[in-house]
């Protein structure tokens, strides 16, 4: 089957309807496959890679940097690809990005054969960087495509998509931990890389072509809006916290809570399950009551700040690290991150339109590129700085720092709302 439909910028937005068109259903299937397969590939590292790298002599700070470099390259890729999404083509960006990511995921699984620690670190960086460029192409384009096909229900659709993001994050850690314990280092990456590769022909087959006119607008003009910058700071703190947990939680759980790699994978479900379950609910609320989006970000951000402070918990509380408390705080983090994150993209699009940006694929590319770039900046900052603080002090203080960052984002947004 070949889909020839072209979606031009000159077409007026479709009126809201309860019945989805064939094109919208196919787009949902494509976006769901991207979210699920990309997230399962991304999340498999958490339960075992930090400990495996540590066995090879890699420091905690360097492990954090290996996680963080992925986000740094995604940041750069998102800005460039978001700017030129019209010239490159949204469909081509998705398919090519998925192909590159799948190949790099499989190659990362072969790095265990490298015995020299310096060569191992260098190859980790190279593979992760190329993988990140592919990931940024697929994700940046998928955000823009979702907003283009569902202009009136973007938060609801993104909330629905986050179910598959959550499923990928849920299944990735336990699946990765189980495959690692049962078959060794290579199998988690080979299996998930092949899964991601299977989405390449699927998306080439069912995604429509998107025809649009390049815009003269820029990221610089978009970033001159104070509201956009404040939302970006919120997004930054969210991804920083997630990146921090990716790089440090497994070692904390193994050393302090005496858990195995497989059990760490199950522990991470406490974060991803509530995130995936609550996303569609908050998406519907965000679209139905757009006026409360800013308060969703404030309440969610405050809950995130408190839960990170008790995750370790902070030594100032004089509470011993316990498994039940860690699980409870991860559940709260999952819900609060969802409440905060879901409204942000819709708010950025609304703010862009309010400030004279045309309703086009080019504008959506700019917004999705900026969103992905800021998210990636946090994913670089979180594991890098978090890994350094964990190495210099401990996990408890590092988690508390993430909580303070979230609280500062809440504080600045409340001041803007009241102004």
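Every residue gets a Cβ built from N, Cα and C, even glycine.
Small disclaimer: the values here were computed from a predicted structure and weren't measured.
Taken straight from TrEMBL:
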{"type": "DOMAIN", "residues": "27-419", "note": "domain 'Major facilitator superfamily (MFS) profile'"}
{"type": "TRANSMEM", "residues": "25-49", "note": "transmembrane segment"}
{"type": "TRANSMEM", "residues": "61-80", "note": "transmembrane segment"}
{"type": "TRANSMEM", "residues": "92-111", "note": "transmembrane segment"}
{"type": "TRANSMEM", "residues": "117-145", "note": "transmembrane segment"}
{"type": "TRANSMEM", "residues": "157-175", "note": "transmembrane segment"}
{"type": "TRANSMEM", "residues": "187-207", "note": "transmembrane segment"}
{"type": "TRANSMEM", "residues": "228-254", "note": "transmembrane segment"}
{"type": "TRANSMEM", "residues": "266-285", "note": "transmembrane segment"}
{"type": "TRANSMEM", "residues": "297-317", "note": "transmembrane segment"}
{"type": "TRANSMEM", "residues": "323-349", "note": "transmembrane segment"}
{"type": "TRANSMEM", "residues": "361-382", "note": "transmembrane segment"}
{"type": "TRANSMEM", "residues": "388-410", "note": "transmembrane segment"}
Among the ranges 25-49, 61-80, 92-111, 388-410, the one whose Cβ pairs under 8 Å to the transmembrane segment (361-382) are most numerous: 61-80
Annotated stretches the transmembrane segment (117-145) and the transmembrane segment (228-254) touching (3 or more Cβ pairs under 8 Å): no
CB contact flag for the transmembrane segment (61-80) and the transmembrane segment (228-254), at least three pairs under 8 A: yes
Recorded stretch that, among 92-111, 157-175, 187-207, 388-410, has the most CB pairs under 8 Å to the transmembrane segment (228-254): 388-410
Distal contacts, the transmembrane segment (157-175) - CB-CB under 8 A, six or more residues away: 28, 31-33, 35-44, 46-47, 143, 146, 150, 188, 191-192, 262, 264-269, 271-273, 275-277, 279-284, 286, 338, 341-342, 345-346
Long-range Cβ neighbours of the transmembrane segment (297-317) (under 8 Å; 6 or more residues past either end): 231, 234, 237-238, 241, 252, 325-326, 329-330, 332-333, 335-341, 343-344, 347, 394-400, 402-404, 406-407, 409-410, 413-414, 417
Mean of the pLDDT scores, which run from 0 to 100, over the domain 'Major facilitator superfamily (MFS) profile' (27-419): 82
Chain residues outside the transmembrane segment (25-49) and at least six past its termini with a C-beta under 8 angstroms from it: 3, 63, 67, 94, 98, 101-102, 105, 135, 138-139, 142, 145-146, 149-150, 157, 160-162, 164-165, 167-169, 171-177, 179-180, 185, 188-189, 192-193, 195-196, 198-199, 202-203, 206-208, 245-246, 249-250, 261-262, 264-265, 268, 272
